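Annotation comment: TrEMBL describes 1-92 as domain 'CARD'. As annotated by TrEMBL, domain 'Caspase family p20' applies to 196-328. Summarising the annotation, TrEMBL assigns active site to HIS274, CYS324. Residues annotated as region 'Disordered' in TrEMBL: 332-377.
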Amino acid sequence: MDEEHRQLLRRCRVRLVGDLQVASLWDALLNRELFTPDMIEDIQRAGSGSRRDQARQLITDLETRGRQALPLFISCLEDTGQDTLASFLRTSWQATKRDPEAIRPLDLEPMVVGPMGLKPEKLQVMKPDPSNLAPGNVTPVVLGPEELAPAQLRPEVLRPEAPRPVDIGSGGFSDVRAQERLKGNTHLAYVLNADPCGHCLIINNVNFCPASGLSSRTGSNIDCVKMQHRFSRLHFQVEVRGDLTAKEMVWTLVELARRDHHALDCCVVVVLSHGCQASHLQFPGAVYGTDGCPVSVEKIVNIFSGTSCPTLGGKPKLFFIQACGGEQKDHGFEVARTSPNDEAPGSSPESDAVPFQAGPRPRDQTDALSSLPTPSDILVSYSTFPGC
């Protein structure tokens, strides 16, 4: 779905969730092939199953349904007699065509405060002109080190002083301050004494059906082997499942969640696949099955919620998503290698995944900006920022 369509749906979300009559829409959505029967069932089961929950999930999932999703959805509204909503969306859509800037998200640029690498003369103070100040206008001011001595400039200016790690005698290092805090807060630490520590499921999707338009991920097997070895050494019971469709991915995850985890201390899920953006309430992004159908990260996480998987209650549940998150490319920046020893023995300078190639790539869908409290004992780690 185009970015302007996604932004439009977000702007109209409150009105749509409040007025949308979903019960009459199911057949129209199926007839126009906006959703599959399985997707419709997932939407109908969303939340408590109320009309509002179904409407909310429908609008969320609509952003993942391709470039023609918005006009087809408007047609479905007209087919089911919801002309007021259809006219509202169509009018809003036409307005955005006349004035695209009306829904353009703000471009925010990061700011570095007090970097050690800059000399004092390069750090300037931006002083507002009093003649330009007016009631209600707030002028941003960067507080530079005009009165500060160079020795006082430290990157830690916006965070507490970093503790010094010390050698613990076994080839590793430890944060003494963290250890002291932990002694008085043992109830805040997870106990990971079980052997095996827990289950580790790795889903490795490499080959995708031609109809999906997704290329083979030939570098993924290297990542899979590395993850398998790493979690085996961490005393996890590792299982690898390859080339699963979206429905098979869900079935595999549900089967894992339904196991008895009483004697275990942790659970890990690793997904290696193509990915896309997807609207969400808590966890952004989605991953593709080999059939080209996406499974949202939020759905994956919710399979292991306290109600769905009670034997993992109070235990850490870790999710590692190795997938692209959208269309934008993060070009990164070059860093100089400080020592030949920086490279691990036997390592290769080659990437362990397929490099970025210019040209068409899986297009996809975007992330809602709302948020809710994160479910307990959950960590979701992404290989890229959402949108990249």
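Every residue gets a Cβ built from N, Cα and C, even glycine.
Looking at CYS324 (active site) and HIS274 (active site), their Cα atoms lie 6 Å from each other. Mean model confidence for the domain 'CARD' (1-92) is a pLDDT of 87.
Here the Cβ of CYS324 (active site) has 25 other Cβ atoms within 10 Å, regardless of which shown protein chain they belong to. When Cβ atoms from all protein chains are considered, those within 10 Å of HIS274 (active site) total 25, not counting its own.
Taken through DSSP, the domain 'Caspase family p20' (196-328) splits into 38 helix, 35 strand, 60 coil.
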